[in-house]
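J.: For B:40-65, B:72-89, B:101-128, B:135-156, B:168-189, B:219-238, B:250-269, B:276-298, B:304-322, the entry in TrEMBL reads transmembrane segment. Taken from TrEMBL, the feature region 'Disordered' covers B:328-358. Taken from TrEMBL, the feature compositional bias 'Basic and acidic residues' covers B:344-358.
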Amino acid sequence: MTATVTEGRTERLERVSAATRTFMSRHAAMTPTFAALVILALLLVGAEASLRGDFVTPRTISSLLLDNAYLLILAVGMTFVILTGGIDLSVGSVMAFTGILGAQLLGSGVPAWLAVTVMLAGGSAIGLLIGVLVQYFDVQPFIASLAGLFLARGLAFVVSLSSIRVEDTGVLWLQQNRIRLGDWYITPTGILALVVVALAAFTLHLTRFGRTVYAIGGNEQSARLMGLDVARTKVAVYVISGFCGGLAGLVLTAYSGAGYPRNGIGTELDAIAAVVIGGTLLTGGRGYVLGTLVGVAVFGTIKTIISFMGAEQSWMQIIVGALLLLFIVIQRAIVARAERRR
Amino acid sequence: MTTFWKHRLFWPAAALVALVTVNSIARPRFLSITMRDGELYGALIDILRNSAPLMLVALGMTIVIATRGIDLSVGAIMAVSGAVALTVIDGSDDPGNLGTVLVAVATAIAVALVLGVWNGFLVAVLGIQPIIATLVLMLAGRGVALLITGGFITTVNSDPFSYIASGYLTLVPFALVISVVAVAVIALVERRTALGVLTEAVGINPEASRLAGVRSRGIVWGAYVLSGALAGVAGIVYASNIKAADANAAGLFIELYAILAVVLGGTSLAGGKFSVAGTVIGVLVIQTLESTILFLGVPSAQSPVFFALVVVVVVMVQSKRVRGAFGMVRRPGRDGPTGPPGPSKHEAVTGRRTEVAA
C-alpha cells in the first residue's frame, strides 16, 4: 500500500516536472523574466528577515512605485526600442531637458496644460530626430541616440544653468495628492506610470504595430519581406521613447518640485539595466513590458534596501552591475540553447 | 584629385583645418606659440596637452571598435585607476617621493589591466554582446572607485605626481609626450606587424577569420586589455591634472567622446577597417571644438549642443543617402529608399566593397 502511494506520488511529480519542462521549452523567452521575479521575491524575503519585519510594509511598497515612477516610464519606452534591436541613450537627458523646459515655462506664467504639451512634444521631437537618423540615414542607434543625448543635455543647460522651482499647483498635485486605501497609497504619478505600462503591454501584444516591433527585432529583413511597415515602426519606437522621456520629465519635475538640468545623468543606463534585468534581450525580438515592470521593481527594491541598511550608495552601482551580469549570463545561456536546437 | 577627395581622412582633416582657420581668424593669438624658460606655451599646445586623456582612451577604443566591439567602461576604469593611484600616494609616508609615485602608477595601471582582462573575458570567452558586457563595469566601476576613496575626493600634494599632467619634458608637456608615445607604439604595432590586419579580419567577419586560422579570441581579448590599460593611464593623467581622485567626475562621458572621435576619424562602428591617424584627427577636432566653444564664451555645460550638431552633420555626410544625392558613391542605394539591409549599409562609410559581411 505504501508502495503504491509513493509510486503515485512520483508519477504525479514526474507529470508535473514534465509539464514544467514543456512549458519552459515553449516559453523559453520568459525564463529571464521568471528569474527576475524569483530574485525580486528573494530580495523582499531577505530584506524582511534581516531588517526584522520592517521592510515589506504597505508604506515601503507604495513608496517604491512613487520613487521609481519616472524610471518605470523611461524603461517602458526603452523596451520598445530594445525590442526592435535598437538602443536609446538619450532618455535621461531628454528627461532633464523636458523637465527644465517645463519648469521654465511654468515659471513664466504659461498655463500648465500648454507647458505639459510642450514637454511631451519636445521629448517626441528629439525621439523623431533619432528615429529619422536611424531609419533614413542608416546611422547606428547607438550613435544617433548619442547625438540625442548631447543635444538634450546641452539644450537643458541652454534653458537654464541652475534649478528652477515649480510652484504650479496642477503639476505638484500629481505628486502630493495621495489616494489612500488603508496604509497603501498611490499618487497620480504612480497611476500615470502604471497606465503607461498597461498601454504598452496592450500595444505590444494586441496590435499590429506591436507585432511589427517584435518582427523587426526578430529579423528586420524578414519583416520587410513580409510587407510590414518597417520604416514607420522603427521611427515610431524612437518617438515613443522620446515621448516617454518627456512624460518622465513631467513626473520627475512633480516629484522633485523643480527642474534641474543635471537631472538624470546616467539614468539611461539604469533604464537599460532595468529592461535587461526584466528579461528583454538586447538583440531584440524577445521580451515583455511586464518584465520591465519587474526589472524596475528589482532595481527600486535594491535601492530601498541599501538606504534602509544605511550602506553607501556606491554599493548600489556595484550590486546593479553584478545583477546585470547575472542576467546577461542567463540570457546568453538561453540564446545558446535556442541556437543549438535550431 | 578625385582620389584626394575620396580619401577617407579627407573630411575629418578638412573639419580640423576649418576649425583651426576659424579660430586663427577670430583670435590672432591662437596660432602663436611662445617659448618661456625653454618650455612651449600657446593655445595649440594647450589643446594638445589637454587632449591626452581622450587621445589615450580613443586609441584603445579604435582597436576595440575594429574588432566589432565597443568599450563603455573606459570612464569607470579611469575613475578606478585615479582612485587607486591617489589612495596609494595618500597612504604612503612620503607622497613627494618619486618611488612612491611610480609604485602608485604601476598599481593603478595593473588594476586597469585586470579590469580590461575582465571585459575581454566577458566578450571573447562568454560571448556576451560588447555593449552590455562593458555596461556592467561602467555601472559597477564608479561604485568601486567610490569605495576605494571611501566616498571622498582624495587630494594629494605630490610634485612627481602632478608632473605627469603639468610638467614639461624639455620643450613639450609631459602629457603630450605620453599621448605621442602611445600613438606611435600602437600605429607601429598595428601597422608594421600583422596584428592590424588580423584585427580587421576579426572585425570584418569573425567566423571567416576563425576558419582561416586567426586566433580571434586572443585578438578580441587583447583589444579590451589594451583599452583598459590605456584608460588606466588616462585616469592617472586626469587625476594628476586636478591633483585629486574624483570618482564621480573622472572620465564622465569620455566613452561617448572617444567613440565620437573614432567615428569622426572614419572608422565604422560596424568593425573592420580602422585608422589610427583618423582617430588622432578626430580627437583633435573634438578638443579644438571644445576650446573654440569656451572661447566663444558659451558655458561649457551647453557645449553638448555643438557636439550634437557635429555628430548629426558627420553621420549625415557619411550616410549613403546623402552621398548618393551628391554623386559621391558609385552605386547608390539598390533597393529603394530604405537602403539595403544588414552590414552592407556601411560599405559607403568604410569604403570597403569586396568583403563578405557575416
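Including glycine, each Cβ sits where the backbone N, Cα and C put it.
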J.: For the transmembrane segment (B:219-238), which partner among B:101-128, B:276-298, B:304-322 gives the most CB pairs under 8 Å?
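T.: Stretch with maximum Cβ contacts: B:101-128.
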J.: With the transmembrane segment (B:101-128) as the reference, find which of B:40-65, B:72-89, B:250-269 contributes the most Cβ pairs under 8 Å.
T.: B:72-89
J.: If you count Cβ pairs under 8 Å, which stretch among B:40-65, B:72-89, B:135-156, B:276-298, B:304-322 touches the transmembrane segment (B:168-189) the most?
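T.: When the Cβ pairs under 8 Å are tallied, B:40-65 comes out ahead.
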J.: Using Cβ atoms and a strict cutoff of less than 8 Å, what residues sit near the transmembrane segment (B:276-298) while being 6 or more residues removed from its termini?
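T.: Contacts of the transmembrane segment (B:276-298) (Cβ under 8 Å, skipping residues fewer than 6 from its ends): 8-9, 12-13, 15-16, 19-20, 22-23, 26-27, 43, 46-48, 50-51, 54-55, 58-59, 61-62, 183, 186-187, 190-191, 257, 260-267, 306-307, 310.
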